[in-house]
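Undergrad: What follows is a structure written as structure tokens; I'll ask about it next.
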Amino acid sequence: MVLMIIKLGLNQGFQLLVVAVGEVLLLNSLLSTLSTSALFMENVKYLPGIKLGKNVIADPDLDNAVKGANMLVFVTPHQFIDNICKSLVGKVRSDAEAISLIKGMEVKIEGPCLISTYISEQLGINCSVLMGANLASEIAEEKFSEATVGYGNNREIAEQWVQLFTTPYFMVTPVQDVEGVELCGTLKNVVAIAAGFVDGLDMGNNTKAAIIRFGLREMREFCKLLFSSVKDDSFFESCGVADVITTCFGGRNRKVAEAFAKNGGKRSFYELEAEMLQGQKLQGVPTAREVYEVLRHRGLLELFPLFATVHEICSGCLPPSAIVIYSEKKPRLPV
Ligand SMILES: NC(=O)c1ccc[n+]([C@@H]2O[C@H](COP(=O)([O-])OP(=O)(O)OC[C@H]3O[C@@H](n4cnc5c(N)ncnc54)[C@H](O)[C@@H]3O)[C@@H](O)[C@H]2O)c1
Ligand SMILES: O=P(O)(O)OC[C@H](O)CO
């Protein structure tokens, strides 16, 4: 999924949902994965056999897809949001509401920027977030899942998003903490990479549980470092501990990091991603680099040994086995 534009009039209900892609060059390759010949739309590449529903329309023309839309859902690997937003400037309704499902962040010279903030600033519209323990394949099979909507000041808008996304098998909870919810979704991908290293080195469940705990602790500290407003309770929502668990056991970041460690770091993430994910993108590796940049810039790398080590392993400066050695060599965060 790249970008969903939901055209929804107040009280009209869930009438028309358009899936569009962000870059002309990619249109053919991406849309070729969506079979329109079937009675209902199907993503034959990533979700074969799953009917997307009669109200899903694939539109290769992004400008046309956003025209008149009052609710915009952004779901793309965060590497591409820059170009997508730039192409949408001046084309969306000024009263449109956006929501981002994107787990990642932008790091600029002036500092880190949440994707929801970026969308909001580029397009001049409000942007909420939806994050959670949401492996796409399981949701597609209608297995029970939860998610968290992070919103700013407008509870009414949050309730609209909750209503829009909720199904009998998908339970959505609103939380007034955009930054906390979004950063949880972003940072859990770094923890997933660490969990994959542990799996690839057959270090066992206790080690993996320890890595998850260290990871959650660093997630909380990093969130509070960037935004003092982040609420502790957000870490107990689906966007927090639940997403860390699901991604450390069933996600793509874990899977590719496991292969990286099994190969002793000799095959690059880039190569493994291309081979294993069929065009899908890993968020954990770029996010680890972005987090590292933020910490380095602020002179705080020593306080975040897990995050720092993940990036140093991904970039080839340390071997995968360093994922557990780091804790003996470097000072730990306060518990
Ligand atoms: N897949 C999941 O289970 C899941 C669950 C929750 C949240 N997310 C988050 O949602 C976001 C999107 O994840 P996804 O799994 O849908 O993405 P994905 O990795 O499946 O990639 C989606 C598509 O983006 C395409 N793409 C490549 N280059 C592009 C470009 N230049 N411009 C636009 N698109 C391009 C890829 O070809 C791919 O088809 C990520 O931030 C992810 O963390 C994913
Ligand atoms: O497959 P991953 O590792 O990108 O994780 C997917 C989702 O973010 C899990 O909630």
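Going from the start of the chain as shown, residues are counted 1 onward.
Cβ from N, Cα, C; glycine included.
Quick paste from TrEMBL:
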DOMAIN    42-154  domain 'Glycerol-3-phosphate dehydrogenase NAD-dependent N-terminal'
BINDING   F80, A136, R252, K281, Q283  NAD(+) binding site
BINDING   K103, R252, N253  substrate binding site
DOMAIN    177-324  domain 'Glycerol-3-phosphate dehydrogenase NAD-dependent C-terminal'
ACT_SITE  K188  active site, proton acceptor
Undergrad: Which residue, out of the binding-site residues K103, K281, shows the minimum number of other Cβ atoms inside 10 Å of its Cβ in this structure?
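TA: Among the binding-site residues K103, K281, the sparsest Cβ neighbourhood within 10 Å belongs to K281.
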Undergrad: Could you tell me which of these recorded positions, K188, R252, has the greatest number of Cβ atoms within 10 Å of its own Cβ?
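TA: That would be K188, with the highest Cβ count within 10 Å.
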Undergrad: Does any of F80, K103, A136, R252, K281, Q283 have a Cβ within less than 6 Å of an atom of ligand 1? These are the binding-site residues; tell me which, or none.
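TA: Result: F80, K103, A136, K281, Q283.
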Undergrad: Let me know the largest Cα to Cα distance in Å among the substrate-binding residues K103, R252, N253, as an integer.
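TA: So the maximum pairwise Cα distance among the substrate binders is 13 Å.
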Undergrad: Would you mind sorting out which of F80, K103, R252, K281 (the binding-site residues) have a C-alpha within 10 A of the one on the residue listed as 'active site, proton acceptor'?
TA: K103
Undergrad: Give me the long-range Cβ neighbours of N253 (substrate binding site): same chain, 6+ apart, Cβ under 8 Å, in sequence order.
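TA: Long-range Cβ contacts: N189, A192, I193, G196, T247, L282, Q283, G284, V285.
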Undergrad: May I have the list of same-chain residues other than K103, R252, N253 whose Cβ is within 8 Å of the Cβ centroid of the recorded substrate site, in sequence order?
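TA: After dropping the recorded site residues, what remains is N189, A192, T247, G251, R254, L282, Q283, G284.
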Undergrad: As a check: which entries in A136, R252, K281, the binding-site residues, place their Cβ less than 6 Å from an atom of ligand 2?
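TA: The binding-site residues passing the 6 Å Cβ test are R252.
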Undergrad: Please count the residues of the domain 'Glycerol-3-phosphate dehydrogenase NAD-dependent N-terminal' (42-154) that DSSP assigns to helix (H, G, I), strand (E, B) and coil.
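TA: Going through the domain 'Glycerol-3-phosphate dehydrogenase NAD-dependent N-terminal' (42-154) residue by residue, I get 30 helix, 35 strand, 48 coil.
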Undergrad: By a 10 A CB contact count over all chains shown, which of the binding-site residues listed here is most packed: A136, Q283?
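TA: Counting every other Cβ within 10 Å of each candidate, the maximum falls on Q283.
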Undergrad: About how far apart, in whole Å, are the alpha carbons (Cα) of A136 (NAD(+) binding site) and K103 (substrate binding site)?
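TA: Here the two Cα atoms lie 13 Å apart.
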Undergrad: How big is the Cα-to-Cα gap, in Å, between K281 (NAD(+) binding site) and K103 (substrate binding site)?
TA: 11
Undergrad: Over the span of the domain 'Glycerol-3-phosphate dehydrogenase NAD-dependent C-terminal' (177-324), count residues by DSSP class, listing helix, strand and coil in order.
TA: 113 helix, 0 strand, 35 coil
Undergrad: Could you give the maximum C-alpha to C-alpha distance in Å for the residues F80, A136, R252, K281, Q283 that bind NAD(+) per the record?
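TA: Farthest Cα pair among residues binding NAD(+): 19 Å.
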